[in-house]
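**Student:** Below you'll find the structure I mean.
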Amino acid sequence: MLEPQDQKKLDELFSSMQEANGCFLGYPFAKDFDYEPLWRFMSLTGNNLGDPFEPGTYRVNSHAFECDVVDFFARLFRACSCEVWGYVTNGGTEGNIYGLYLARELYPNAVAYFSQDTHYSVSKGVRLLRLEHSVVRSQSNGEINYDDLAQKATRYRTRPAVVVANIGTTMKEGKDDTLKIRAVLHDVGISAIYVHSDAALCGPYAPLLNPKPAFDFADGADSITLSGHKFLGAPMPCGVVLSHKLHVQRVMRNIDYIGSSDTTLSGSRNAFTPIILWYAIRSLGIEGIKQTFQQCERLAAYTADELNVRGVSAWRNPNALTVVLPPVEDSIKTKWQIATQDVSHLVVTPGTTKQQADALIETISNRNR
């Protein structure tokens, strides 16, 4: 049992986190989830070590639910479950590094290409894996500059190309086109190509957009990653990574200690997050995901329009939940936890309310007077 001062410290931490949870708009974390029916699992020593599609010695796991989650996204990303393998990660960074790892094992002499708007985890990944890489310029909307990609790739036309396609860039939610990427590389004479789609935020709803962005397996992706906590919602970071089975077989090793194949990046893995993601997709279904996106998109459009009416130059990419605006001052950035680089942005995720949006709009417009 805790000492009174320790209990007080714990209570104060909860109050602080609860207050901060009610006033952040700058990072993509869904907030309207309710997983109380799942709390009983927290009393178990769950560990999803090993390949989720193989039996293993340790049985306190949620592998069956993890496989359901992978199968759901395989179908959503237009792939046959028999041809695609995947697992639940601890977030988008692990998914990106895993995709790059598979690419390096396929093409050890490859050059990796990604735009300047790419998430920082990709730069970390190429350094960890010692992949030679080239950073490509972005268009003003955050999408990769295909002309610059062609120019950069021409220098290394005799070597395989690994490209990270952003399906919703970190700051502007710009979406790269995997079909265009492959066409550009073919035009400069490169035929050995691996494309990894980073769909951290947009993965659950991108297949439902009209027009649908080109990013999935039918559009030439070799691997795809998405985050579970950003749009579907979870109390802890999580994600899913999927790839063609042929790529995964190159890294597979049999481990007697666990009685299973080692195909994942991490050994011990969270058994709780696959249950959360399973619960989310079973509760929502495709139609629920679509309706949730439409609600968020309407609020994002309203927010951008209201800011512009009040003299703030805000904009969105088509079908984006991210509202881009000029850099906000430090007091606003601190209170509302607004991500800021050369621009600031706010992200309307499930659980974001009109009251929150109005309060931020009022604060920003008052500072601009």
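The backbone N, Cα and C atoms fix where each Cβ goes, and this holds for glycine too.
So Swiss-Prot lists the following for this protein:
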type	residues	note
BINDING	His119	substrate binding site
MOD_RES	Lys230	N6-(pyridoxal phosphate)lysine
**Student:** Going by a 10 angstroms cut-off between Cβ atoms, which of the recorded positions His119, Lys230 has the sparsest surroundings?
**Tutor:** His119
**Student:** What whole-number Å value do you get for the CA-CA distance of the residue listed as 'N6-(pyridoxal phosphate)lysine' and His119 (substrate binding site)?
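**Tutor:** It is 14 Å, counting Cα to Cα.
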**Student:** Tell me whether the residue listed as 'N6-(pyridoxal phosphate)lysine' sits in a helix, a strand or coil according to DSSP.
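**Tutor:** In the DSSP reduction, the residue listed as 'N6-(pyridoxal phosphate)lysine' maps to coil.
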